[in-house]
């Protein structure tokens, strides 16, 4: 039982409600503790008298009253000075609260998921009875915790010597707990006379392990390995470290997070002569090292009175730590309040300035980053009209001021009150931690501030530093770079090939088939077959023939190779390295309908398989490294070639032409097409060493066609049937995409449940799709409402995503609707049941219709195979618009009709029954086409936090094809042109944010692409040659891809979104045109000349300006100048033939990859 002295509190309501009355089930006095009603931060504190391992707690209200606590925060400490908040798991925010009581007598017990090791506990009420006040009685459960502890002052060390002169080990285990208020220092170091060493040290608050196992004399070039783990470890709280080594394999664990590494070098044993150990007592931090947290970027401040200055002037000293790039640190008045001395963080650096009647002037700037989360010390001194500033160990900076300090007023730390005279937050208040605040060498008594006895404050949390590293672990996927502020983290996805708030979504199409659906012609493209999965995109050649789309992947040896002198004992071996990894190829092949690889073996007295004992003389290895002894055109498991199956071998006694062992040159050529074996990774030849023997072989590129998932569909019929799959594994990031068509007014498309968490995607009304989920913070509904019915028996696209930053929902080409995620709270989605497609667990609102191309986090579900096993569901989908043989081209949309289909070419730059007829115009001197856009509601409020989008739809009377919204940082531009005139303006796009994108022909006929102030010249030769040229430009973030005959990639310095389009112009542009002010001189010169020639099939994202000019010539949004005539110059493009990639195409692939350049950035 704890004595009365073990109980303390922030305040007491009366003498009969003292803190020691707060024992569970106690009824004496007034039956519990209650604080004063004026107490702004009440708490009840327990001193357990010695360090304990606490496993459970219990709470109760004040007996016989209406006072109880409904939720509270639990803090713990070793010293009673520096505190840490208890968090049930890393899946909770800083202010993790425990549920309290609902009446005065009931007992609520919490068994702690992770036990607490501490001497002091604090119960901090957050919410309480609505009919009464705070009332609390508590109990703590646990046992005594014993351990040896040592104290180090930064200059001391312990030395441990082994019994032997040295100790050589192949396995080591080092475990310890430490706490520190210093960010740097060695914890453990051991080394041997050979040069072996092991070091554990703190470096800027992060734990570093350095290890070298090699003899420095024998292997002087061996590099040591270093690994860093953890962050903010200088918080005066205990941290657990475990190092486990077995030979070269090492695991470093810090506070439950483990990093695995393998040592380099030759040796696998550690030889040390000594290493450190600890066995003493540990001193606790002094009061000046106790932190205070400034919680709010707008309302936090600490106001302290300034005593008369006397002869010493003003001295201010404090420590701070933060992540935020902006914030006010300190402010005080000069000269009776007419001027103010202000110290602030601006763009991550310290700035000292004087605010006054004159214009604000920065006087001192220290170019050192102070927003790294580490503690920084600041000393500011004012004497004799001079102010000096010292940051950490940097040199002193000084400046002169014209006014004396105004003694007797207040000084402000961290921010300014709302009504404080001259003190104003320059941008935002400080959000972070401060400690060791001294005014004129006097330590400020912050407990008196908290009690209301000194100064004033707002939105502070005393005795604790609530800083968190939101980049540990790094939630930015695919090598995205994480940065952070106090409240959240940000992901820089530049150069990763991914986009989105957490770099989750691939910027590339999944297949060449998808590129054709987007209207692309043959060329080199990046594809990402697993989408948001772990594999990177790969560069392939897409050969888009009339009937099929072939994906071509080359390797390092595609030519003919002569082989001589090879025997079975010393065979010829060639390994093939492809332009994609084997994992990427495995995914590509699995997604394709058919794959093949041509192999050619020309021979003279060089056999493949013909031996007396049946052992092959030559073979090849598949992608798994398995030996295969069949040749192209044959089937696995038999030592045969294609001529055997076709019954045309030159000698029918043998199964291969080369096995006839003739003196004449013959060959065995065929296609390997078993998808489980492709691609061929190694070839072994063993019969070219006899007299007259010779062989020439060639292994072709890998060719795949079809996308078996793009049209993988299932049909759902009445009867509450649904498809079942294993639960969806997506704790941190969820992305769901699918196509559906239906005539029903509602239905569940997808559902997966957990104990309390769940995700659901459903058609809620004929006009609305809703994405619903709960990760433990309450149900979230995200709804997109369409202006046209979604149950029209046509295919509609839906994509839903939920990550740690936001949730989003997209339907067809309607604006993306987003909802910001809370910065605190639960964030892991815990699912347990089966995944239901087309229905729900409770068989309510089953879906009636078709679903296809269902992809979850980059993995496409095989609906057709599962449908074969499920009653009431059939594979495929009836109708003309349900097959992989696309009937509508160039982004055309297939629309079902009662007696057939039609192609909707609204979002295609082409016309005609199948969206294949080019739309071209001849431009004369001075002519132009301009589309202008008003700034619509979704552009101004794109990140609407509501759950409905019905009020934010574009005006479809003005046509959605010229709607200005573009919510992603991406542009897709494609067009063909023909001209003999330079300079020329081909296309110019401007935004309301003074951004622009221009494509022009320079005087020499080469074309320039300019985005804002960045200019790129992808092709130096003249394009003003009277020939038709096709231009394709694709931007994703900072990556810019340009294709005119060949692909080239560039890097931009910015990835700003062009999501407030103002105008799009083809032809003549002037500097006074709407939205074209501020264009570069070269762009204006080309714009003034306009364009003379023919433009064909122009597309900018979903906009088709030539079609719009023809179809909506009378619209106020379309402006046509000069004489424009419809033309057929684009028909020249249709007459070009697709290039084969088997020979020249692969050489181009190699050249493109080696010669690609990064310009700008």
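Don't overthink the numbers, they just go from 1 along the chain as shown.
In case you wondered, yes, glycine gets a Cβ from its N, Cα and C as well.
TrEMBL lists 1-38, 942-963, 1135-1161 with the feature region 'Disordered'. According to TrEMBL, the feature compositional bias 'Low complexity' maps to 1-16. Feature annotation from TrEMBL assigns domain 'F5/8 type C' to 1-143. Positions annotated as compositional bias 'Basic and acidic residues' by TrEMBL: 25-38, 1145-1154. Residues or ranges marked as domain 'EGF-like' by TrEMBL: 467-504, 878-916. As annotated by TrEMBL, domain 'Fibrinogen C-terminal' applies to 503-562. Residues annotated as disulfide bond in TrEMBL: 850-877. Marked as compositional bias 'Polar residues' by TrEMBL: 947-961.
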Handout entry: Secondary structure tally of the domain 'F5/8 type C' (1-143) (DSSP, helix then strand then coil)
Key = 6 helix, 65 strand, 72 coil
Problem - Confidence summary for the domain 'EGF-like' (878-916), mean pLDDT rounded - result: 79
Problem - Number of helical, extended and coil residues in the domain 'EGF-like' (467-504), per DSSP - result: 0 helix, 10 strand, 28 coil
Exercise for the section: Sort the residues of the domain 'EGF-like' (878-916) into helix, strand and coil with DSSP and give the three counts. Expected result: 0 helix, 12 strand, 27 coil
